[in-house]
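TrEMBL has this to say about the protein:
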type	residues	note
DOMAIN	27-96	domain 'Mur ligase N-terminal catalytic'
DOMAIN	108-310	domain 'Mur ligase central'
BINDING	Gly110, Ser111, Met112, Gly113, Lys114, Thr115, Thr116	ATP binding site
DOMAIN	336-459	domain 'Mur ligase C-terminal'
Amino acid sequence: MTLADLADLLGIACPEGLRAITPVGFSIDSRTIRPGDLFFAIHGKRFDAHAFVPEVLARGACAAVIHRPLPELEPAAARCLLVPDTLRAMQELARALLHRWGRPIVGITGSMGKTTAKDLTALTLAPYGRIYASVGNLNNEYGLPLAVFQMLSDGRRMADYDVAVLEMGMNEKGEIARLCEIAPPDVSVVLNVAPVHIENFPDGLEGIAAAKAEIVHGLKPTGTAILNADDPRVARMAAIVLARRQEHSGAQVMYFGRNEASHVTALDVTSRGLLGTTFTLSTLKGQAAVELPLVGEHHISNALAAAAVATHFGVSPDAIAAQLRLAQPGPHRGVVRRYAGGFTVVDDSYNSNPVALQEAVRLLEQVPDARRRIVVAGEMLELGEQSREMHIACGRALAHARVDILLGVAGHARDLVAAAQAEQNHGMLTDFVETAAEAGRWLASHVQAGDVILIKGSRGVRLETCLEALPA
């Protein structure tokens, strides 16, 4: 797709010298620009990327999209496309591209597991056809348009895909509604509601649930909502679809989960520790045995969500099960690392919240042959005024878990450790350090052969860096 085509979709002028150029890719980050990329100069809250336009053009960007003239660029200004607002232009271009493409869109949201569920959905849908799923977690007002642009980057064409699987995240009320305007889902998946970004929601979990429900409100009239029957706040979103039916909409509801109301469920679940889980996948179209190589039973819910989407598209249970056997964890999302020193690390450091931490600890408890079970718990961010209380509650819960050593890292993790130490009665050892680097040095000096170590913390703590101190 040429720059002339993109300009036509936006209703803007395209300089004659740019019209025949086909962008290699699309970027909003001057640090990652490649020769041939189209650069969108976003004016954000903390920076104005217009300042980097001369640099990106000098490094080979095919053009820059700007929303204010840059006289200092003459004659390079001929390589710029002028729009009223660069962010709005990105979003409108993504919306126009998807509308013209006209094929099914699966939108996935939830407080936890969006990226894993997206990847599993793409995997289980593969027997249906050619599936596009965005790389990484491009799921906000900047990321979603970039996810759409990936469909026509590096020589790809949108026509090469039959279904698009997109994440939709949020930090505030109304954000998912705006994302649905860009990419109206044919299928909306809601995984769960948990205290993530709760500092932005004075009404707590109910406010988060209402914000997540925007993806159900954003469904196309004949769309399907796929909801977690095990989460009451998610299950109640079915009322949105039922109300639509009264308006002669063809919208449908499908439930997944362990709840008996589920259309797609898991029976006979068996933990295999660090090898994953096995279960019987049960759908309205039959059953199949699944070996899921993702560690932790919480991934069963993500797998069931993916299976529900695939079932909706007509994929058989046997085909779904075969695909799930191929699942691999994303970076820092439950990756099992075995070290020459005889110890094992479960790197789940990508992010954390009170619910996810306790689920990860349950996995650690299920490892049968651990010499010692060690939890490295980083501070959980974005919990607002409830942060200290939530860390203390997690510490009290950990006090009763099969954990031998608890190391807290940064901020309110100190409160978590103190609560665990005060309540535990089985000889758990506890300690606290301020940084991930200190945590790495602590581990390097304490770890022993046979230990199994869980690394879990919020993104801002960057706990993955503590692994750099461990001998390979």
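Residue positions begin at 1 at the first shown residue.
Backbone N, Cα and C atoms are what each Cβ position is placed from, and that goes for glycine too.
Residue counts for the domain 'Mur ligase N-terminal catalytic' (27-96) under DSSP, helix first, then strand, then coil, are 31 helix, 14 strand, 25 coil. The least crowded of the binding-site residues Gly110, Gly113, judged by other CB atoms within 10 A of its own CB, is Gly113. Annotation for Met112 (ATP binding site): spatial neighbours Leu191, Asn192, Ala194, Val196, His298, Asn353, Val355, Ala356, criterion Cβ-Cβ under 8 Å with sequence separation of six or more. The Cβ of Thr115 (ATP binding site) lies under 8 Å from the Cβ of Gly136, Asn137, Glu167, Gly330, Arg333, each of these being in the same chain and 6 or more residues away along the sequence. Between the listed binding-site residues, namely Ser111, Lys114, Thr116, the fewest other CB atoms within 10 angstroms of a CB are found at Lys114. Other than Gly110, Ser111, Met112, Gly113, Lys114, Thr115, Thr116, the residues of this chain whose Cβ falls within 8 Å of the Cβ centroid of the ATP site are, in sequence order, Ile108, Ala117, Leu191, Asn192, Asn302. In this model, the domain 'Mur ligase central' (108-310) carries an average pLDDT of 94.
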